[in-house]
Amino acid sequence: MAPPENGILEVLENLLDRYKINLLQMMFGTFIATIVFFGGLMTFVEKYLPNSIRQSFRYGKHSFKGETDPLVAWLEVPKSWFKHFYTFALFWSWLAFYVLVSTVREQKEAPEYVLQFLDIMGGGRSHRKVEIDSTTACVGAFMLTLQCTRRFYETNFVQIFSKKSKINLSHYAVGYVHYFGAVIALLSNTSGFVRGSKPMEFSLDKLTSQQILYLGVFFLAWQQQYASNMILVNLRKDPRTGSVKTEKHLLPKGGLFNLLSSPHMFLEVVMYFCIADLYMPVRIWRLIFLWVASNQTINALLTHKWYQETFREYPKNRRAIIPFLL
């Protein structure tokens with residue numbers, strides 16, 4: 001029997017194209033709406049919320065301490081599982097970076113299976129347009145790949161997770177979806193990855209002043225985030241032996257912690273801003289930045305409140321996530 005003229009993927013692609021359904025935009029738009037809605041509830045009316053919502057939203061140092069909901073507890077996994085989606089992010093980002101560099105080097109359109117995948121995720125072949133040149137894409141992909149690589153290293157070989165710390169399964173799943181979508185968004189509107197387009201040649205001479213500036217800002221934020229994370233790691237280590245002495249959350253001092261309760265979250269926002277502004281013509285990257293900024297801000301506010309309630313001597317000049325402001 002001959003195979004059907006249209007395969008399942010082609011039917012799906014035509015459906016998405018016909019109704020202008022952009023799966024990437026839907027994903028991150030949903031993330032933004034969810035974090036803003038529940039984050040607002042947690043910030044302003046948390047005491048009136050059922051324990052199931054409070055328990056689902058909170059984790060880590062500001063995890064819910066009241067009477068737990070059995071069903072929500074059943075849906076929790078160890079916080080150390082963060083390392084799983086950073087392992088995925090490492091593989092996925094390097095794969096995309098390799099495909100991008102190969103396409104630019106060979107000066108030919110991406111393979112058909114890549115184009116079809118991007119058509120499905122990015123709104124259909126007739127709605128995907130070239131908005132990003134190859135040099136910008138290489139810079140942005142390099143940034144995100146570098147960040148994924150360092151976070152993989154930290155979560156798998158450096159970070160000390162409390163054995164008692166849990167996260168809701170939804171947080172765990174969102175980690176995978178975030179990196180899955182963000183990496184795809186690097187290519188979805190890039191020359192050579194849109195049908196009928198050819199990648200442009202890459203050259204360091206073609207780097208613009210904006211790209212050079214953002215590379216510098218990104219590297220500084222990248223390095224400072226690592227330094228901030230190491231301060232948190234060292235709080236749980238014996239300074240003489242280097243062995244783990246506690247799994248408690250202690251008061252961090254030094255570096256950007258002298259200004260902020262969560263400098264690592266502030267720096268995450270800075271790094272994503274650098275990528276998103278380079279990709280400014282692409283709507284999906286504006287959504288990704290808004291998602292990251294809102295998520296990190298809500299988490300930082302909850303963390304800041306926990307520090308203030310836990311440590312009487314907590315410095316009054318520290319802000320939650322934006323130096324001197326918030």
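Even glycines carry a Cβ here, placed using N, Cα and C.
Residues annotated as transmembrane segment in Swiss-Prot, with sequence analysis given as evidence: 26-46 (among others).
What Swiss-Prot lists as transmembrane segment is 84-104 (among others), and the listing cites sequence analysis.
Proximity of distant same-chain residues to the transmembrane segment (167-187), defined by a Cβ-Cβ separation under 8 Å and at least 6 residues beyond the stretch ends, is recorded for 24, 27-28, 31, 55-57, 59-60, 72, 75-79, 81-82, 84-86, 88-89, 92-93, 96, 99-100, 110, 114, 117-118, 121-122, 137, 140-141, 144, 148, 193, 279, 282, 284-285, 288, 291. If you look up Swiss-Prot, you'll see 167-187 (among others) marked as transmembrane segment, on the strength of sequence analysis.
According to Swiss-Prot, the feature transmembrane segment maps to 212-232 (among others), an assignment based on sequence analysis.
Residues or ranges marked as transmembrane segment in Swiss-Prot (evidence: sequence analysis): 256-276 (among others).
Within its own chain, the transmembrane segment (256-276) has Cβ neighbours under 8 Å at 140, 143-144, 147, 214-215, 217-218, 221-222, 224-225, 227-229, 231-232, 285-286, 288-289, 292-293, 296-297, 299-300, 303-304, 307, 315, 317-324, counting only residues six or more beyond its boundaries. Residues 139, 143, 146-147, 150, 154, 158-159, 252-257, 263-264, 267-268, 270-271, 274-275, 277-278 of the same chain lie 6 or more positions beyond the ends of the transmembrane segment (212-232) yet place their CB under 8 Å from a CB of it.
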